[in-house]
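What follows is a single structure, written as structure tokens, with notes after it.
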């Protein structure tokens, strides 16, 4: 959600920001709609004053026994006009919808660009392994090991689903435990277990609605399956006014995520890279405005630490204006090396949304200044640490052996009680 006063005071700056996001100039239209709304509000206040004055006159006339029928009729007429005007204002002349449909303003540090091709590499980590045998993609390895079944998943649920069994199922569980233990015990995040169904308001608050209505799965009673734990963890502070000294707040959750993947037909149709259902460990931070840039770098380092301990090569890229998410003001992607594809693939995205989400959900913080309470919107940040399906795929491809087994990274062995992933028994 955008600050209308900022737009009115900085129309050229706002238009430049929207143009960098690939949109047309919007400031003039927003200012005109705001002016229309203010005119309607002025009319409404005037009608209410008239009605209040007549109501007082009616009271006096009744007390004196005088005829007040004409005043009563006028009052009824005004009440009807007020009701109609309130309804017009509620419809808002399209102002609120427009403000809610426009993406966040990019931070000054964000490079201009139209697509992922314009993202800027910040750093890379780790040595890419050299293989003395033909590299197999993770989905081939999984089926060879009898531990990954796409055929049965398709029979049950359709395309873009998978079934893991045996040691791969244990790897999923072990990865979640490894990540959560690290985030909570070493980096101070509070673990949260939450519902997988949320209402439209929760989705709106984080910017998933109204723009991305078709990207989520909706139930028959108008609930939605969570596309990411960000929805729930960020909404934990909706409609609050927190003391600034209580910040930052840091939450983490392991959950199933559900996405329709609208617009991705033909992309990554095999394997675990792009699925309708996947699991993820999410990080969310709530800060004040002065802390959010530092918190973003901290969050990014936490996500990187997962990959460092798994000894997976990766790189960090700063997203350009044309590739950032709707609610983000600045985003870093972490891309893990996938040997079978011979390229890096996104495994995490860490974003600072600044006050964009907080304005939508009414999340503020306050401090006392000479006994006066000063409030401002909080800043919200979110990041994946990490997407488990892609982490499993990366481990399988980077740690594969010539005999088809997978070496388990040292950091995971205490969670797996094994050194290798070996062939299992096929499902019936």
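Backbone N, Cα and C define each Cβ position, glycine as well.
The L-serine binding site feature in Swiss-Prot is assigned to 228, 229, 230, 282, 384. Taken from Swiss-Prot, the feature ATP binding site covers 259, 260, 261, 346, 347, 348, 349.
Feature annotations (Swiss-Prot) mapped to structure.
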| residue | record | Cβ neighbours (10 Å) |
| --- | --- | --- |
| 228 | L-serine binding site | 24 |
| 229 | L-serine binding site | 26 |
| 230 | L-serine binding site | 28 |
| 260 | ATP binding site | 16 |
| 261 | ATP binding site | 14 |
| 282 | L-serine binding site | 28 |
| 347 | ATP binding site | 27 |
| 348 | ATP binding site | 28 |
| 349 | ATP binding site | 22 |
| 384 | L-serine binding site | 26 |
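The binding-site residues recorded for this entry are 260, 346, 348, and the Cα of 348 lies nearest to that of residue 384 (L-serine binding site). Within 10 Å of the C-beta of residue 259 (ATP binding site) we count 20 further C-beta atoms, all protein chains included. Spacing of residue 282 (L-serine binding site) relative to residue 347 (ATP binding site) is 12 Å (Cα to Cα, whole number). Residue 229 (L-serine binding site) is 12 Å away from residue 259 (ATP binding site) when you measure Cα to Cα. For the recorded L-serine site, residues 228, 229, 230, 282, 384 set the reference point as the centre of their Cβ atoms, and the other residues of that chain within 8 Å of it by Cβ are 231, 233, 253, 255, 257, 280, 281, 283, 284, 382, 383. When Cα-Cα distances from residue 260 (ATP binding site) are compared across the binding-site residues 228, 229, 230, the shortest belongs to 228.
Residue 346 (ATP binding site): 15 other CB atoms within 10 A of its CB, across all protein chains. According to DSSP, residue 347 (ATP binding site) sits within a strand segment. Between residue 348 (ATP binding site) and residue 228 (L-serine binding site), the C-alpha separation comes to 12 Å. Under the three-state DSSP scheme, residue 230 (L-serine binding site) falls in the helix class.
Of the candidate binding-site residues, 261, 346, 347, 349, the one lying closest to residue 230 (L-serine binding site) when CA atoms are compared is 349.
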